[in-house]
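Q: Below are the structure tokens for one structure; questions will follow.
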Amino acid sequence: MSMPTIRAVRALTVRGGGADYHDQDAGHWIDDHIATPMSRYPEYRQSRQSFGINVLGTLVIEVEASDGTVGFAVTTGGEIGAFIVERHLARFIEGQRVTDIEKMWDQMFHATLYYGRKGVVLNAISGVDLALWDLLAKVRREPVHQLLGGKVRDELEFYATGARPDLAKEMGFIGGKLPLHHGPAEGEAGLRRNLDALADMRSRVGADFWLMLDCWMSLDVPYATRLAHEAHALGLKWIEECLPPDDYWGYAKLRRDVPRGMLVTTGEHEATRWGFRMLLEMECCDIIQPDVGWCGGLTELIRISALADARGVLVIPHGSSVYSYHFVATRHNSPFAEFLMMAPQADRVVPMFDPLLLDEPVPVGGRMKVPDTPGFGVRLNPDVRMQRPYEH
């Protein structure tokens, strides 16, 4: 069987949900008073959208093969990402065999080094890479997890990220991760409110249910260390992404100074094997949390995971729905997965990228069997309006 080549690449954009999960209507828990790097400014504390967290929107990448098969993927990137894909990256994709994923990744990455390396450029590369994996798996009529070597577990189990871990427990999740609401600029009163909220949630879920805090790059080392010590008495399992992503030295110190038994996690906003090599070699964390739609795609996540596995560090990918599920199902050092509660009040399970994807699986009772449908097993919803802002 001769492998088809790629004849077209298209970059589309979507507003309102999808992969840019911050792009939500008013009243959604994810846009509440949540600590961010911008919380130092009072005018940007009450709503994360106030400082533009949702300006990018969703980027949809389609790659079409010469036999008519279409692979696609979604990530965050919007019009900026679409420009990068259409005007720069497409030249490295069109005309290539669908099997040449490694070559295409290498060319995309090295061609963008002078303005890329991380951020929206890596989002764009990640989206193209995921679309290529979807395409190859569809051409071969196999699920992506089969291309990765096959599943090592029959089903995944999940913790839930959202405002209501108490409800997540009732739904069967193994743990709940709360957003931290107040940062250092809100002083002692803010710290006490953070701890009171954690204590209240602990009283609701009992002693054995995992509780974690998502700090979203909003803290400094002294505040994070104090928070960790005071939260330890409340049974906090881990403290996540406390510091700016580039503060490897701060993470290393924090990990040394937190209470014995508490885990330090990070990596959601890190990218490439080199970024994660820094986290691992400097012993910055106990768990890395790459986002497959931001870190370099599945091709790069495979490398990142191997680095972590060699050091005995767990890989629990950030969100990303099916793009993470297929990977987690194939790796022993990814024993569970994250599920983002995207219902506005975090009170029910809805597909993470709703309404953009059809057939997107969701956990039932906190568990899920990864589908065996070819590719990533999802379809684009034809009722969702998409734009193609650039062509090449």
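Every residue gets a Cβ built from N, Cα and C, even glycine.
So Swiss-Prot has the following annotated:
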BINDING   H22, R48, E338  substrate binding site
BINDING   D214, E240, E268  Mg(2+) binding site
SITE      D291  site 'Increases basicity of active site His'
ACT_SITE  H318  active site, proton acceptor
SITE      E338  site 'Transition state stabilizer'
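How about a rundown of where these features are and what they're close to?
A: Sequence-distant neighbours of H22 (substrate binding site) (same chain, 6+ residues apart, CB-CB distance under 8 A): I30, D31, R48, Q49, I53, N54.
Mapped onto three states, the DSSP output places D214 (Mg(2+) binding site) in strand.
Residue density at D291 (site 'Increases basicity of active site His'): 26 other Cβ atoms are found within 10 A of its Cβ, drawing on all protein chains shown.
The Cβ of H318 (active site, proton acceptor) lies under 8 Å from the Cβ of G267, E268, Q289, P290, D291, W294, S324, E338, each on the same chain and at least six residues away in sequence.
DSSP assigns E338 (substrate binding site) to a strand segment in the three-state reduction.
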Q: When DSSP states are folded down to helix, strand and coil, where does E240 (Mg(2+) binding site) land?
A: strand
